[in-house]
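Annotated features, as they stand in TrEMBL:
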type	residues	note
DOMAIN	1-166	domain 'Neurotransmitter-gated ion-channel ligand-binding'
TRANSMEM	166-190	transmembrane segment
DOMAIN	173-268	domain 'Neurotransmitter-gated ion-channel transmembrane'
TRANSMEM	196-216	transmembrane segment
TRANSMEM	228-253	transmembrane segment
TRANSMEM	350-368	transmembrane segment
Amino acid sequence: MEYTIDVFFRQSWRDERLKFDGPMKILPLNNLLASKIWTPDTFFHNGKKSVAHNMTTPNKLLRLVDNGTLLYTMRLTIHAECPMHLEDFPMDVHACPLKFGSYAYTKTEVIYTWTLGKDKSVEVAKGGSRLNQYDLLGHVVGTEMVRSSTGEYVVMTTHFHLKRKIGYFVIQTYLPCIMTVILSQVSFWLNRESVPARTVFGVTTVLTMTTLSISARNSLPKVAYATAMDWFIAVCYAFVFSALIEFATVNYFTKRSWAWDGKKVLEAQEMKKKEPVALAKKTNNTYNIVGTTYALNIAKDPGLPTISKSAAATATATNVPPKMPRLEEKLLESKKTYNSVSKVDKMSRIVFPVLFAIFNLVYWATYVNRESAIKGMIPKQ
C-alpha cells in the first residue's frame, strides 16, 4: 500500500566557507544558487515517487545567515510506501512511515538531527489532512541507524498513525449482512407447510450473502489471510445457510408426519369396511330371532293359574349398534397437526436470534476495545 503526502521540506546546515560580514544578517538567495553550493543528498528511503513543484517557478527557498548557516526549503509531493496489516479491516489502525536520510554520506560524515526537537520538528496543519477513508490520530518522530555494505547511515523517521473510517463499510456491508440474517430468520415464523415461501427466503438470502461477500472482497487488496470483515461475513453466511438447512429438516419431518397421517386414514377406511360385517355376525348369533319358532313354556307358579300351551311365536329383536366413528372424524383427527408449529421452528426462533446477538456483542466489543488500546499507545501531539 502507498500514500501521498505534500510537504514543505526544510533543511538547515552550517558551512563555514559561506560566512560573511555586512549590513544584512540574513541574505535571501536565488534558488539557482543551490546548484553552486554544497547541499545534502537527502532521499526518501520508502519513497516510490517524489515530485518537486515548479509552477509557476521552482518552489524553493534558499537563505544564508552571516555565520554560514543555510536554510533550504522546497515543496515536495511524495508517494511513499506504507506496510499495512489488514487483519482488523475495516477497524484497522496503521503507522505509515516517512523515512529519509543521506544517500552517500555515512554517519561519520553527515549526521541528521531534528532542529526543533522531536516534539516540534514535524507539524501537521490543522485541516490539512484530506483523507476520505482515514482519520489522522497523530504522529511519532524518531531516529534510526541503518547498516549496509557501504557503512552505517542515519535515517530520520516519522510515523503517521491513521485509523480507517468505518462508516462506509457499515452502510455498504455490515448493515446489509445483518438485515439479511434477520430476514432469513423470518422463515421460522411461517407455517412449515409453506414450502414455496420458505424456499424463497432461504435461497434468496444465501444468494444475497454470496453477492455481499464478493463485493466486499473486491474492495480489498488481494491478501492471503482473512480480515475482520471476512470473519463477520462468514459467520453471517453460516447463519443464513443454517436457516436453510433448518427448513430442509423441518420439511423432511413434516412429510413423514403427513405419510403417517395418511396411513392412519387408510386404516380408518379399512376399519369402517370391516366393522359392519363383524357386527352383523354378532347380531345373528345373539339377537336376531326373526323366522324362528320356539315353544313358549312358562313355569307354573303356585299363586297363578297354570298355563301350558304350545304356540308359534314370532318375535323380532332389534339391537342398535354402537355409534361408529365416521370417516370424516378420522380425517379431522388426522389433520390436527396440519398447521401445527414444528418443535425445531420453536427452538430456532429463540436460539438463532440469541446466538447472532451474542456474536455481534462479542465482535464489536473486541474491536472497540482494541481500538481504544491502540489510541492509548499513540502520544498526543
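Just so it is clear, glycine is given a Cβ too, placed from its N, Cα and C backbone atoms.
Bear in mind that the values here come from a model prediction, so they are computed numbers and not experimental data.
Listed by sequence, the residues of this chain that lie at least six past the ends of the transmembrane segment (228-253) yet keep a Cβ under 8 A from its Cβ atoms are 87-92, 169, 173-174, 177-178, 180-181, 184-185, 187-188, 192, 195, 198-199, 201-203, 205-206, 208-210, 212-213, 216-217, 220, 342, 344-345, 348, 352, 355-356, 359, 363, 367. Summed and averaged per residue, pLDDT over the domain 'Neurotransmitter-gated ion-channel ligand-binding' (1-166) gives 92.
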